[in-house]
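Participant: If you look up TrEMBL, you'll see 64-218, 230-286 marked as domain 'Anoctamin dimerisation'. If you look up TrEMBL, you'll see 289-867 marked as domain 'Anoctamin transmembrane'. According to TrEMBL, the feature region 'Disordered' maps to 87-110. Residues annotated as transmembrane segment in TrEMBL: 300-324, 377-396, 463-488, 508-530, 551-568, 675-697, 832-853.
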Amino acid sequence: MTQILNFFAETANYTLCSFERAPRICNYSFRCTVMQMCLDVTELKSACVCFQEEPGPGPGGGLCFADGRRRVDYVLVYHCKRRQSQHRHSVVSNGNVPSQSPTPSRRSTKGDILEAVLEAGLAMEPANELQDKIREEFERGLQEEGLEIEHDKEVCVDVCILTVRFTRLHVPWSILSREAELLKIRVPTKKTYQLKEKTGLMGVISSFWMKINQPFQPGVPEPQDPRIRAYEILRRTACTQTCQTMGISSLLAKGVYDSAFPLHDVSFMLHEEWANYGACCKYQPMDLIRKYFGEKIGLYFAWLGVYTQLLIPASALGVAVFLYGCFTVDTNVPSQEMCDERLNFTMCPLCDRVCDYWQLSSICSTARTSYLFDNHATVGFAIFMSLWAAVFLEHWKRRQRCLQHSWDLTGMEDDEVRKNELRPAYEDFLLKKQEKKAKNKKKEESLSWTDRLPGYCINISSILLMVGVTFSAVSGVILYRIIVFAVMSMNPDHEAKANVRVTVTTTAVIINLLVVLVLDEIYGAIAAWITELEIPKTESTFEEHVILKAFLLKSMNAFAPVFYVAFFKGRFAGRPGDYVYVFKDFRMEECSPGGCLIEVCIQLGIIMLGKQLIQNNVFEIAIPKLKKMYRTYKEEKDGSADDEDKDSKREPQRWDLDYDLEPYEGLSPEYMEMVIQYGFVTLFVASFPLAPVFALLNNVIEIRLDAAKFVTEIRRPDAVSAKEIGIWYNILSGISKFAVITNAFVISFTSEFIPRMVYQYLYSETGTMHGYTNHTLAYFNTSNFKPGTAPHDTDFDRQLRICRYKDYRDPPWSLESYQLSKQYWSVLAARLAFVIFFQNLAMFLSMLVAWLIPDVPRSLKEQLKREKALLMDLLLTEEADKQSWQHAHDMIKKYDVEMDSKPITLYIANTL
């Protein structure tokens with residue numbers, strides 16, 4: 001039946017299966033059927049053939065076999081040791097030997113790479129000989145699948161060195177068609193229809209919006225190339241005779257091949273329309289990205305684009321909150337009182353013995369700066385950001401559904417084959433276990449919990465150890481702050497003493513930043529290592545476990561210093577005459593009278609900005625370039641003995657250039673960087689309203705930086721199908737919910753919002769903020785200092801009896817001196833009440849937003865309904881055609897067999 005369908009399809013210039021949707025306004029995709037296809041066979045066959053003038057391409061070329069016609073779809077790389085003279089030429093395994101086509105030079109290299117096989121007749125080690133057999137069986141299996149292979153052989157060399165060997169693969173058009181049927185690739189119907197255009201006010205708004213957006217659209221055509229990759233065949237080809245191995249992933253893990261990758265297309269439009277900083281104001285060409293890199297990478301950049309786009313309103317409102325603070329700082333009564341020298345608030349010493357009394361007006365600039373971020377508008381902005389997080393998640397779900405429909409992912413299980421593909425490490429461990437129990441004739445099909453118990457124990461102990469390392473790092477920075485503060489307070493310079501708090505805070509944050517960056521790299525490696533010890537069964541399970549562990553460790557590492565300053569600093573410092581000491585000499589650090597919010601702002605700003613700048617410029621740009629320079633230098637140095645092997649007349653081929661690029665390591669680092677940034681934007685936005693602004697500026701650059709990295713800095717990844725972003729959505733949802741709680745506590749316990757409200761409505765005689773500063777400062781009798789803790793030398797009156805400190809405590813002349821006052825308990829009750837109110841309000845509004853915003857856009861729903869109707873029409877038409885053919889067949893039987901065939905043909909034609 002398939003042959004008959006193929007015959008009719010080719011006769012009518014249709015194809016049974018297409019690889020990409022044709023440009024259309026609206027259509028319905030369904031599985032391959034005859035006579036409803038919209039793409040011509042010749043259009044897609046052209047994608048499988050190279051058209052060029054010469055067989056040997058120049059720089060950036062090398063996209064074809066040596067014959068200059070067949071396109072290189074995939075490249076396998078391995079290393080071999082040469083021990084005798086041999087001549088270089090190209091051999092096509094299932095084709096002819098090309099005659100006068102010189103092949104490109106091969107780079108010779110030495111390094112810690114498993115040596116591969118030699119040519120027949122050379123002295124080999126047993127391991128290399130086994131790998132040679134495995135490669136031969138694997139490539140024979142590829143040829144049986146229909147792939148065409150081209151090998152490289154070497155020129156005359158008499159020395160013994162390691163050299164890179166390339167095996168190039170080509171997938172013929174017939175194999176692509178077969179793979180399309182196996183993967184059930186969907187195609188658009190030939191029949192299309194117009195959606196009803198909007199009229200009235202909505203139509204005018206829609207037309208106006210389209211005209212505004214037109215300059216920002218990427219200038220790329222609709223992609224038409226096949227999306228079937230050779231990797232689909234490579235990952236299911238087995239080596240059952242030489243080793244029990246399935247797919248290229250296992251061979252890479254065993255060292256049979258060094259690497260495997262498709263080639264970059266240097267003439268691709270992604271360079272100009274996407275991987276270019278000049279295109280930062282344009283939308284991303286998502287269909288082109290998806291076609292070139294696959295759905296998984298396409299979904300990442302689509303998510304990043306949605307996240308960046310929604311940061312625009314959050315950034316605008318954050319700037320408005322900051323400007324509100326700037327415009328109203330001169331009318332803020334508490335900061336005016338703190339700056340008023342006439343009020344003469346004499347504060348208690350900041351350290352024992354060497355520190356003197358000081359005037360509250362000396363921190364006037366700190367108080368005014370703190371108000372810029374700690375004002376009434378901050379509370380509204382925190383509620384807005386809770387709603388913003390809910391809108392962002394809902395908007396992404398809608399965008400994801402639209403992409404699933406336009407990319408034909410609605411009926412696809414999320415790469416089910418790859419999801420159930422066993423990991424090489426799991427296969428090896430299971431094989432060893434089976435060999436041990438072979439004597440008992442007991443076949444083991446899976447690992448038991450006892451096999452994984454050692455790995456789980458190491459996992460738990462390692463995670464606890466890393467948690468301890470993080471807390472130790474934070475504690476070390478705390479000790480640095482305490483000790484340096486005490487040392488700098490001994491400085492006789494009054495100006496230096498006035499700025500000691502800011503100096504210590506800034507230097508401590510920089511140290512925190514460096515520690516965070518170093519531990520980030522260590523935690524990423526440890527997360528992968530301890531997950532390997534669990535022996536996960538599939539790649540998807542391994543990836544999820546690594547992501548969870550890495551996120552746990554990296555988020556704790558990034559947020560722990562901010563959590564300390566926001567919620568713990570100054571809470572356990574004690575009071576004058578009864579301080580808490582570290583090492584019996586150093587007092588625990590306290591917050592300034594203006595509160596700790598400005599320190600949280602400094603901590604958050606420096607860590608967030610520094611992390612983004614250093615990661616973008618150092619880890620993503622500088623380090624890969626340094627690695628490439630070092631690798632090039634090492635190859636040139638090690639290849640000096642192989643000068644005869646280099647063809648000076650020939651430029652490097654495309655596969656040479658791609659092999660020199662960094663290997664693709666997955667999307668987890670990219671997602672992790674953005675998710676940690678999302679945490680900074682949402683978790684502590686009440687203390688730093690400008691966080692969305694810096695995130696927006698970073699992401700505009702990050703999109704183009706990642707694009708340039710994927711196109712020019714790393715080897716082209718395999719196109720992997722995916723319906724969604726996976727576990728990252730759950731992590732984002734968890735962060736959004738946790739952000740409601742953290743912002744509630746920041747506003748209640750870190751900022752001065754609740755104490756101000758309590759004073760204004762409960763304790764102020766005039767109903768204003770006048771007298772608030774005096775209300776928040778407690779009294780201390782200097783005669784109650786412990787022996788040896790009072791200032792030795794003072795510029796104040798030695799008969800000074802009363803100093804002030806920030807706290808709600810009864811004065812020394814009361815019956816319960818220095819005990820927590822009623823005002824303290826009133827403020828604490830108001831703080832807890834606000835936490836409950838804010839949390840429930842934000843959660844309710846978030847749930848309301850999620851309920852009001854449907855997951856599927858209305859336009860998509862209408863389109864799906866129309867496509868179902870189109871499908872029904874198509875099925876009815878097919879049924880009618882089937883009945884016509886059956887009727888014609890019945891009529892033929894009525895005629896005599898000996899009748900001439902021509903009248904029969906005419907009769908059939910008339911009947912049809």
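If you go along the chain as it appears here, the first residue is 1 and each next one adds 1.
Glycine is no exception: its Cβ is also placed from the backbone N, Cα and C atoms.
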Participant: Taking a Cβ cut-off under 8 Å, which residues six or more beyond the ends of the transmembrane segment (377-396) line up next to it in the same chain?
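Facilitator: Same-chain contacts beyond the flanks: 303, 306-307, 310, 313-314, 317-318, 320-321, 324-325, 681-682, 685-686, 689, 692, 729, 732-733, 735-736, 739-740, 743, 746-747, 751, 753, 838, 841-842, 845-847, 849-850, 853, 855.
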Participant: Do the transmembrane segment (551-568) and the transmembrane segment (463-488) come close, with at least three CB pairs under 8 A (pairs 6 or more apart in sequence)?
Facilitator: yes
Participant: Using a Cβ-Cβ cut-off of under 8 Å, list the residues of the same chain that are 6+ residues beyond the ends of the transmembrane segment (832-853) and lie near it.
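Facilitator: For the transmembrane segment (832-853), the far contacts come to 382-383, 386-387, 389-391, 393-395, 398, 736-737, 740-741, 743-745, 747-748, 754.
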Participant: Between the transmembrane segment (508-530) and the stretches 300-324, 463-488, 675-697, work out which stretch tops the count of Cβ pairs under 8 Å.
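Facilitator: Stretch with maximum Cβ contacts: 463-488.
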Participant: Please give the sequence-distant neighbours of the transmembrane segment (300-324): residues at least 6 beyond its ends with Cβ less than 8 Å from one of its Cβ atoms.
Facilitator: 283-284, 286, 289, 372-373, 375, 377-378, 380-381, 384-385, 388, 391-392, 395-396, 399-400, 403, 667, 670-671, 674, 678, 681, 685, 689-693, 695-696, 699-700, 702-703, 706-707, 725, 728
Participant: Please give the average pLDDT for the domain 'Anoctamin dimerisation' (230-286) in this predicted model.
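Facilitator: PLDDT averaged over the stretch: 79.
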Participant: Work out, from DSSP, the number of helix, strand and coil residues along the domain 'Anoctamin dimerisation' (230-286).
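Facilitator: Its residues divide into 20 helix, 7 strand, 30 coil.
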